[in-house]
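What Swiss-Prot says about this one:
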- 12-32: transmembrane segment (TRANSMEM)
- 68-88: transmembrane segment (TRANSMEM)
- 97-117: transmembrane segment (TRANSMEM)
- 138-158: transmembrane segment (TRANSMEM)
- 182-202: transmembrane segment (TRANSMEM)
- 203-223: transmembrane segment (TRANSMEM)
Amino acid sequence: MNESLFTPFITPTVLGLPAAVLVILFPPLLIPTSKHLINNRLIIIQQWLIRLILKQMMTTHNAKGRTWSLMLTSLIIFIASTNLLGLLPYSFTPTTQLSMNLAMAIPLWASTVAMGLRFKAKITLTHLLPQGTPTPLIPMLIIIETVSLFIQPLALAVRLTANITAGHLLMHLIGSSALAMLAINLPLTLITLTILTLLTILETAIALIQAYVFTLLVSLYLHDNS
């Protein structure tokens with residue numbers, strides 16, 4: 001049976017429930033925990049990663065911005081874990097769904113804007129009008145800056161969706177080509193499998209980079225409004 005190219009991005013269900021819930025909640029249960037060794041290798045690596053994330057994200061923030069430390073750390077770990085799990089065979093990647101990415105981007109963006117309007121409304125509103133703007137251009141620039149402000153969460157979600165989806169589609173195409181050529185040309189199949197392996201390594205890096213970019217942009221929005 002021939003499948004559509006976008007079949008892997010259809011949300012699967014198990015007993016009528018979205019399988020994305022299992023993908024998100026089940027993997028943490030597989031991580032071994034030690035009741036006797038507090039500072040084992042896994043804990044040390046986790047602490048090192050958290051310190052690295054906080055150093056990269058929160059250095060330029062003030063006291064109000066640093067209250068978001070736990071949120072941003074959890075966000076980057078969640079997106080990175082979801083992207084990496086989606087690279088496993090016969091798995092589903094929730095971040096290929098624009099609806100899910102919008103559900104993450106819009107509340108975070110709205111929270112940063114609300115924070116700016118609450119604590120420094122004048123400075124936040126002055127961002128809508130660049131300093132030194134000629135008087136005839138003021139109405140048009142206010143409209144342009146307002147539209148660009150409301151496009152920010154859409155850009156966040158579309159960027160993550162497009163990058164993850166494009167990589168999965170390319171892997172699907174190359175994998176299908178390798179399978180089709182298996183009985184036709186073995187040397188060419190080996191070359192294709194080598195390309196697929198390299199692409200998988202690249203997609204692993206992209207999965208981590210996109211999680212970092214998404215969280216970094218949220219951090220920048222927070223910095224502008226805190």
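Even glycines carry a Cβ here, placed using N, Cα and C.
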Recorded stretches the transmembrane segment (68-88) and the transmembrane segment (138-158) touching, at least 3 CB pairs under 8 Å = no
Request  = Using a Cβ cut-off of under 8 Å, list the residues of the same chain at least 6 residues beyond the transmembrane segment (97-117) that approach it.
outcome  = 9, 11, 20, 64, 71, 75, 79, 123-125, 149, 152-154, 156-158, 160-161, 214, 218, 221-222, 224-226
